[in-house]
Amino acid sequence: MERREWNNQTFLMEFLLLGLGNAPELQTPLFLICLTIYTVTVVGNILIILLVVTDLHLHTPMYFFLVNLSSLETCYSSTILPRLLASFVTGNRTISFQGCMTQFFFFGTFATSECYLLAAMSYDRYLAICQPLLYAILMKWKVCLQLASGSWVVGLLISTGITSFISQQRFCGPSAIDHFFCEEAPLLELSCSDTRMIRVLIIILSFPDVVFPFLFTLASYICIIAAILRIPSNMGRHKAFSTCSSHLAMVVVFYGTLIIVYMLPRTAPLRQLNKVFSFFYTVLTPLINPLIYSLRNREVKGAL
């Protein structure tokens with residue numbers, strides 16, 4: 001393991017990602033499962049992007065946000081799965097300090113951007129259901145571009161801040177990260193610096209990172225559900241709900257697993273369970289996105 005000397009202490013230049021398991025008999029099945037998931041994720045999300053771009057009927061704000069979401073999901077998966085697949089093939093689980101920080105940065109950028117993009121999509125659905133007469137005025141293409149680009153920019157800025165704080169920590173062992181990618185909590189466990197200040201900063205940054213977009217999305221859907229319940233006919237309620245059901249399913253899956261991952265204590269008995277839920281929201285959620293929108297959305301099925 002490569003190390004560097006600084007101020008009479010030995011600091012790590014490489015980490016060992018323990019991954020999903022050490023049993024040799026599980027490596028081939030895990031490789032095949034992850035390869036299948038990654039292939040379906042990339043192909044499915046790219047297919048949705050191509051459908052929306054080529055079908056004029058889908059040139060609406062909702063599907064513009066869906067193109068951005070599919071792009072995010074593709075990038076999201078590509079920060080984790082190729083490195084994981086390579087470790088299954090080569091057996092090499094080491095990752096350099098720079099590589100770890102790079103993976104952490106891009107993962108944080110895409111995860112935060114997805115939180116804000118889901119909030120923008122919930123605002124779009126709120127206007128469509130609760131303010132239908134004002135929808136065309138309020139949700140112009142300029143507004144759509146500002147909301148989508150703002151989601152990417154906010155994710156980039158917040159991830160840059162968090163990554164810069166973590167990269168300044170001193171890591172002097174042990175070198176093993178008990179995870180399948182470089183994540184904040186297991187990284188800080190390896191730090192030999194005083195992490196109290198950075199933990200406070202991360203908690204503060206978690207509000208614009210996750211809490212604010214989550215509360216905005218939650219408030220939007222409370223208003224949407226209240227408006228749907230006020231519709232007198234069953235057919236009207238069903239039609240209104242069908243316009244947001246796919247997005248609501250994505251929100252529930254994404255935030256449900258995200259909350260479980262970060263609320264679970266990182267005790268030894270729960271670490272494997274934590275990795276299972278982390279695998280779900282980082283790897284399976286991007287896979288579910290194209291499936292939900294292709295199976296539950298009549299317009300997408302019509303375009304297909």
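From the backbone N, Cα and C atoms, a Cβ is placed for every residue, glycine too.
If you average pLDDT over the domain 'G-protein coupled receptors family 1 profile' (44-293) in this model, you get 87. What TrEMBL records for 44-293 is domain 'G-protein coupled receptors family 1 profile'.
Within its own chain, the transmembrane segment (30-53) has Cβ neighbours under 8 Å at 20-21, 59, 63-64, 66-67, 70-71, 73-74, 77-78, 81-82, 84-85, 88-89, 283-284, 286-287, 289-291, 293-294, 300, 303-304, counting only residues six or more beyond its boundaries. Residues or ranges marked as transmembrane segment by TrEMBL: 30-53 (among others).
Sequence annotations record features per position, and here TrEMBL assigns transmembrane segment to 104-123 (among others).
The feature transmembrane segment is assigned by TrEMBL to 143-166 (among others).
Long-range contacts of the transmembrane segment (210-229) within the same chain: residues 112, 115-116, 118-119, 122-123, 125-126, 129-130, 237, 240-241, 244, 248, 251, 255, 258, each at least 6 residues beyond the stretch ends and with a Cβ under 8 Å from a Cβ of the stretch. Sequence annotations record features per position, and here TrEMBL assigns transmembrane segment to 210-229 (among others).
Residues or ranges marked as transmembrane segment by TrEMBL: 241-264 (among others).
Per TrEMBL, the feature transmembrane segment maps to 276-295 (among others).
Long-range contacts of the transmembrane segment (104-123) within its own chain (CB-CB distance under 8 A, at least 6 residues past either end) are made by residues 62, 65-66, 68-69, 72-73, 75-76, 79-80, 147-148, 150-152, 154-156, 158-160, 162-163, 166, 181-184, 187, 209-210, 213-214, 216-217, 220-221, 224, 247, 250-251, 254, 282.
For the transmembrane segment (143-166), same-chain residues at least 6 beyond its ends with a Cβ under 8 Å from one of its own Cβ atoms are 61, 64-65, 68, 101, 104-106, 108-117, 119-120, 123-124, 184, 187-188, 198, 201-202, 205, 208-209. Sequence-distant contacts of the transmembrane segment (241-264) (same chain, six or more residues past either end, CB-CB distance under 8 Å): 62, 69, 114, 118, 121-122, 125, 128-129, 210, 214, 217, 221, 224, 228, 270, 273-274, 277-278, 280-281, 285, 288-289, 292-293, 296-298.
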